[in-house]
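This report concerns only the one structure given below.
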Amino acid sequence: MDTIFSVMAQNLVSPIVLSFALGLLAAMARSSLSVPEAAAKALSIYLLFAIGFKGGASVAAHGFDGSLGAALVSGVALSLAIPFIAFGLLRAMTRLSAVDAAAVAGHYGSISIVTFVSATAILATRGVEYEGYMVAVAAAMEAPAIIAALWLAARAGAGARMDRELWREVLLNGSIVLLIGAFLIGALTGERGLKEIESFIVSPFKGVLCLFLLDMGLVAGRGLRQARSVLSAGAFAFAVLMPLAGAALALPVAILLGLSTGGVALLMVLSASASYIAVPAAMRVALPEANPSIYLTLSLGVTFPFNLALGIPIYVALAEFLGGA
Amino acid sequence: MDTIFSVMAQNLVSPIVLSFALGLLAAMARSSLSVPEAAAKALSIYLLFAIGFKGGASVAAHGFDGSLGAALVSGVALSLAIPFIAFGLLRAMTRLSAVDAAAVAGHYGSISIVTFVSATAILATRGVEYEGYMVAVAAAMEAPAIIAALWLAARAGAGARMDRELWREVLLNGSIVLLIGAFLIGALTGERGLKEIESFIVSPFKGVLCLFLLDMGLVAGRGLRQARSVLSAGAFAFAVLMPLAGAALALPVAILLGLSTGGVALLMVLSASASYIAVPAAMRVALPEANPSIYLTLSLGVTFPFNLALGIPIYVALAEFLGGA
Amino acid sequence: MDTIFSVMAQNLVSPIVLSFALGLLAAMARSSLSVPEAAAKALSIYLLFAIGFKGGASVAAHGFDGSLGAALVSGVALSLAIPFIAFGLLRAMTRLSAVDAAAVAGHYGSISIVTFVSATAILATRGVEYEGYMVAVAAAMEAPAIIAALWLAARAGAGARMDRELWREVLLNGSIVLLIGAFLIGALTGERGLKEIESFIVSPFKGVLCLFLLDMGLVAGRGLRQARSVLSAGAFAFAVLMPLAGAALALPVAILLGLSTGGVALLMVLSASASYIAVPAAMRVALPEANPSIYLTLSLGVTFPFNLALGIPIYVALAEFLGGA
Amino acid sequence: MQTNDAKRVEIIIEAPLEGRLLDTISQAGVTGFTVLPVLGGSGRSGRWSREGQVSAAGGMVAVVCIVRPERVDRLLEAAFAVVERHIGVVSVTDCQVVRAERF
Amino acid sequence: MQTNDAKRVEIIIEAPLEGRLLDTISQAGVTGFTVLPVLGGSGRSGRWSREGQVSAAGGMVAVVCIVRPERVDRLLEAAFAVVERHIGVVSVTDCQVVRAERF
Amino acid sequence: MQTNDAKRVEIIIEAPLEGRLLDTISQAGVTGFTVLPVLGGSGRSGRWSREGQVSAAGGMVAVVCIVRPERVDRLLEAAFAVVERHIGVVSVTDCQVVRAERF
Ligand SMILES: Nc1ncnc2c1ncn2[C@@H]1O[C@H](COP(=O)(O)O)[C@@H](O)[C@H]1O
Ligand SMILES: Nc1ncnc2c1ncn2[C@@H]1O[C@H](COP(=O)(O)O)[C@@H](O)[C@H]1O
Ligand SMILES: Nc1ncnc2c1ncn2[C@@H]1O[C@H](COP(=O)(O)O)[C@@H](O)[C@H]1O
Ligand code: NA
Ligand code: NA
Ligand code: NA
């Protein structure tokens, strides 16, 4: 318990969390502060490339310990299962239509890569190691939730369309391709490759993350300001409960997989986090009847800050506690 | 006197000043060289975040020495007073209308954060220390001049409008919010926070500043090329005299405040510099009758390069001379 | 021969080449991965500034060894001569119209600065030195080929227009101005200037290059996908043969000039590479009848990847072999 | 395909006034509009370009509103309250829309 | 100067549908169009802005097609197949073009 | 609200020609225009997109000029001198403007 509070305290005054808070407050107060779209995209490309590459280089250094396959399968299973839990909770806790609930549920089955990245930054600060291949698990968990969501929506009578074109779009989504591509480059070039570009992708990493979180705060704050009306108290409660439920589901799986302390924490983080890039784009195409304000606000405006400020420290502390660290 | 020339000589062949010169010449020669708007904004976000954070971290390390309050009040007073001097000089030296003169005067009361940043880079090269809270003084000096300018314009019969909405826009202007926000983050996270993101906000700082000044040179050169016709010799003379007047006014104030050598130089720099972000935007809303070509060209096209090439070395040398450094 | 294969093998698993391959494959597979235009331009500004500055600083450190003048003249001569060879080959190998052939020929006489930059990165990895002024030679080789191409087109009856305005545009093209400007700044500020901004322009250089090549791969892949139909097998063959011909022409010239091993390799690289910034823009103005898909696809989609993957290692290995390195 | 008459109103205005304009026309009941970026231009106050600019002061945006013919006057009056002392360029074009119930 | 009648069709649509829309209208024989970026807007689902967004989900684009009058119906029908369940705003304006043989 | 007839001329042209076009129409006395960015498009020379492009060669811009009806011919002729050998798409639409004295 002590650990939780100390990790939380340490986390809350980190430049990363405070940068997000600054963006959130600035947007709430209607400041003109904004990060250009092109700059935000460039920052996200940097983060995906760096985290993917480092994961791959770490796999090249330490080798696969055999559990990669099992971890990937478990990730896919979690991504498929979580939407059902989310859907059930949403129908119980809110008055959202079945279509809106299905769309939201899809977001929670999928993952948020910035949440993952922020968690790795915290693990690095605390000196906790994790499996490099967790990056691949993150990529594997992006898409399956979409199937679950569309199945839920179809059952509810919405003519959700999941044609081949949409499949291609989801699986070849820019962020998935970059993450896996960079992972493979890191795995192929290994330590030598990492050394060549270390002073670009390792040293400035946390600082870039601060600016990206500033931007996320601005976008989240703007979303919250504009969507306050469409969200009920029940929906807010869901967006705080659901990550805890996702993490709770992931914890035994991670332990069964025999992951390291950092790996356990990261699988909880992935399950607890909600997508705000791949899934929203897919939902706009496949489920246009669902209201984007609802799923974007819950995912980016409530669950993301919750995980950043409180969730991650809880998952890390739990993993450390159970790992005897 | 020797110091002035040696500082000037050293300054004139610094990558920072030469990058600005390159941009200026390229734009004058109508080269197609240009920095995309989004990239320029991203560079300015980086600079504001870095300078704010470092200021805050330095305050956290050295503590307030009690003079912050007095420095803030003095900054506000300077920002309010300088427009009156500028207005008087403009009416005497040029044939600008009262409204145009008031708008220009507002720019000179406010501050230019890049001029400030360039001065801190020169101080760093020379190993001169300054109070970390000067960043907060810079932020405090952005807005008051606008009130003075609108008062001057209203007296001249222009229906300047300063409604609540404009107040909010000025005070929550993106650059002020980011500067103060980063300052607070730096102050809260202190040395530990700085260490985490040092290799992002400290080591590459000067290089980023070079690229930003390249862009400033391009914008200034384009402005000069297009606005040459609207500017009289008197206006040009004003734009060179006024920074010296502002600095002269700030010098005794800075000494009375008991600032360090670097702090004295920076208060002179702030008073000598003219806004080109917050004030122009406010003037377009509140004083649409004033011609933007005039105030933008004087501020960015004349006073900024003057300060960069000659002004800052003079202020630094004077501060060192008086500080016995 | 051994060297060639070892250089090639080392090169093919470098993060730089793999990043390009990732972009190429992603675009071919129609992934949504894309780098915003503003970010791509910002990356290219960084690379031009850094490579120019380092070249200038190196000249300041080692001094001119007298051969700069001869190297510049030789570069100009190569840039003028190569289009004639290219035109002849194109007329023999393809059924392109004379106007299209002239436009393509102009691209191969000029140079690609990213190819140059990638080659310097490989030389750096292998610890091979080169003359800092090769950057100036690169700049000098950008424009002359355009004259040759327009002369060829005019002879073929196309009303190519090369008015004063176009001259200004070509010679004051943003990338030339930035490259030469940064070179001069580096030469003026020397070692001291380099030290000030080293951690911006030296340490992260290779990493930035990776992201830029990722973008180049995306653009090249998209081009290939969309232009496949307009290109014959003969045109593809030309785009692989021509760089080898250009390098073969440059080799004796470089040896006669008495360049260092790295210098020999770089003159071959410059002659082998094909423009994709300055020349296409000039051709769109001066030779609108020529089909841009053809020249852009051959230059960026075929010759650039060929040089990156195979050409550069061949030129470097040859230079090392002949230089007794 | 079944279409109905409508008006396309295009307002080119200084970027620092964007917020005010949008708030004003929203209050006048026009809740459908789209904002397009502007790179540069020329007018009585000379040529300008957004390139490399950091401040919003040197830029403009274009706002496109498609409205039913009977609502165009209310929109123009609301827009004019903001644009009046400023340089905004306002033009109105006849157009046809599908799904008229949306406007 | 000699001009001919044509139609200017403007379609404002969610960014994730851009590829589908362009493929569909191309297949319907409309191979001339231009895509413009959109900064933000407002509609029945509220206000939005592209600022700082990373996902395509939160954005729109404007597609402008200039076509001969006789081809406008085919274009609208093709566009509608994509836009139908979505929020796309479609407007058609009469215009004049030079070099009519190009359209 | 009092409006007057005017013409909205829209010229979509290759980016490397932008400077020439604007200089030419300025010399022809048209000093009011606005330049909009273009993301991509399609025409006889195939599809293209600005994404990730560094060179101006692969891009276009849209120039919008609102002029009095009697000046449209001078504008079109001036524009055509530049556009002729190029791919520019020129369209003219009738519109209404407020503050006609500005055009
Ligand atoms: N006739 C026009 N057609 C299109 N845009 C215009 C026109 N007049 C002015 N503008 C735009 O409005 C801006 C300001 O105009 P002005 O106040 O006349 O300088 C110009 O820079 C253009 O972007
Ligand atoms: N009447 C309109 N005029 C211009 N753009 C509109 C209009 N209605 C909707 N839009 C655009 O279409 C988007 C989605 O509209 P909606 O589905 O009504 O929320 C809005 O955010 C606007 O960008
Ligand atoms: N009918 C059209 N409507 C709108 N834009 C067009 C049209 N035709 C061509 N364009 C634009 O002009 C560019 C060049 O056209 P083209 O020369 O036909 O390849 C295209 O890529 C489009 O951006
Ligand atoms: Na999840
Ligand atoms: Na000042
Ligand atoms: Na060449």
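Cβ atoms here come from the backbone N, Cα and C positions, even for glycine.
It should be emphasised that the depicted structure is a prediction, and the values quoted were computed from it without experimental measurement.
Pulled from TrEMBL, these are the features on record:
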type	residues	note
TRANSMEM	C:12-33	transmembrane segment
TRANSMEM	C:45-64	transmembrane segment
TRANSMEM	C:70-90	transmembrane segment
TRANSMEM	C:102-124	transmembrane segment
TRANSMEM	C:130-154	transmembrane segment
TRANSMEM	C:166-188	transmembrane segment
TRANSMEM	C:200-221	transmembrane segment
TRANSMEM	C:233-257	transmembrane segment
TRANSMEM	C:263-282	transmembrane segment
TRANSMEM	C:294-318	transmembrane segment
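Within the same chain, the transmembrane segment (C:45-64) stays apart from the transmembrane segment (C:233-257): fewer than three Cβ pairs sit under 8 Å, each pair at least 6 residues apart. For the transmembrane segment (C:12-33), the list of distant contacts is 118, 121-122, 125, 206, 209-211, 213-222, 224-225, 305, 308-309: same-chain residues at least six beyond its ends, Cβ to Cβ under 8 Å.
Same-chain neighbours of the transmembrane segment (C:294-318): 3-4, 7-8, 10-12, 16-17, 20, 24, 96, 100, 103-104, 107-108, 112, 114-115, 118-119, 122-123, 126, 128, 213, 216-217, 219-221, 223-224, 227, 230-231, 235-236, 238-240, 242-244, 247, 251, 265, 268-269, 272-276, 279-280, 283, counting only residues six or more beyond its ends whose CB sits under 8 Å from a CB of the stretch. Between the transmembrane segment (C:263-282) and the transmembrane segment (C:200-221) there are fewer than 3 Cβ pairs closer than 8 Å, counting only residues 6 or more apart in sequence, so the two stretches are not in contact. Each of C:70-90, C:130-154, C:200-221, C:233-257 was scored by its Cβ pairs under 8 Å to the transmembrane segment (C:166-188), and the highest score goes to C:130-154.
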